[in-house]
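Colleague: Structure in structure tokens, see below.
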């Protein structure tokens, strides 16, 4: 019985993790979980599963739940996240918190010797130079939950890292893959949230529409698999069947295929190195699909991708600026404060205004993140 802490349990990855866990009740037990603002969903999960340790973000939610459920242990805020990530009984922490907020719990969980199933890509984007050496120092497993990185991880089995020449990172293209630049000028939040293939949370769906998400994944892949940016190629693949591939030095290409179902990489991270049946899953039928398409991304329409490569190649604190500016701009777009194309414009302006710190400490990263967000808000008059 593997004991799991789930951070961000009410989000898209979190709820699909619940589905995986309940599909294998003899294999997994959730001993702790956290939620942000969706307390109604949290209570539904609490009524479904007897999870003893629960962390919430707001004092009012902590007070309400503590009184209503006196038999459970409740924790509050960032300190609470760290507490439930370092519980003695926890074996693996599945981090599905969105954004920079997922960084500190990951660091403390690693120091406590917990394996990490990482859905929070921002952790490696912002602080890969801290996380990767720390994971090696404490001898923990860092297991990717992103479908693309899970695919690469699976494709690498049996291969020597030095014999891999390239990573081929596939990309659905997002909600606007077939839209012209003129059409994108007046794109609405509702249109951006209408992803053609995947069921995801609002923030990541907008990131997919801008291709920021793919840029973040490029930076994450660099750290997870120790590859140069020149050896990471993004391919638009509208069907989302080939989840990513590796090219070997002998030109062989190895990939992982499957239907677009996030439960598969979630479950694989929890069962690794073994596999279990995926409950209520749809098997891939290539004969039904018939044709698969691949093409290069249009970086004129979607300049977030070259910006991400630029941030990654500069390194140091620049990926933190890219991420922080995006998180703020993404939220402003969802709040109706800016237009769709302004998201990436604001990221670029924040990057251009930033003086790079070569090897930022955790405290420096926290300040740089806050400064990038403040820069974006000031630019739009907030």
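For all residues, glycine too, the Cβ spot is worked out from N, Cα and C.
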Colleague: Out of 85, 165, 172, 180, which one does TrEMBL list together with 121, 147, 148, 195, 208, 213, 214, 217 for 1-deoxy-D-xylulose 5-phosphate?
Modeller: 172
Colleague: Check TrEMBL for me: it has 10, 11, 12, 13, 36, 38, 120, 122 binding NADPH, so pick out which one of 201, 215, 255 it puts in that same site.
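Modeller: Answer, per TrEMBL (NADPH site with 10, 11, 12, 13, 36, 38, 120, 122), from 201, 215, 255: 201.
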Colleague: Have a look around residue 10 (NADPH binding site) and count the other CB atoms within 10 A of its CB, chains all included.
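Modeller: Around the Cβ of residue 10 (NADPH binding site), 23 other Cβ atoms lie within 10 Å.
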Colleague: When the pLDDT values for the domain '1-deoxy-D-xylulose 5-phosphate reductoisomerase N-terminal' (4-128) are averaged, what is the result?
Modeller: 97
Colleague: DSSP secondary structure for residue 12 (NADPH binding site), reduced to helix/strand/coil, please.
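Modeller: Helix, per DSSP.
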Colleague: Starting from the Cα of residue 120 (NADPH binding site), work out which of the binding-site residues (148, 195, 213) are within 10 Å.
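Modeller: Close binding-site residues: none.
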Colleague: What is the Cβ neighbour count of residue 12 (NADPH binding site) at a 10 Å cut-off, with all protein chains included?
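Modeller: For residue 12 (NADPH binding site), the count of other Cβ atoms within 10 Å is 20.
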Colleague: Spatially, which candidate from the binding-site residues 121, 148, 195 is nearest to residue 201 (NADPH binding site), comparing Cα atoms?
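Modeller: Answer for the nearest of the binding-site residues: 195.
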Colleague: Hey, which of the binding-site residues 121, 195 is the loneliest by Cβ count within 10 Å?
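Modeller: Comparing Cβ neighbours within 10 Å for the binding-site residues 121, 195, 195 has the fewest.
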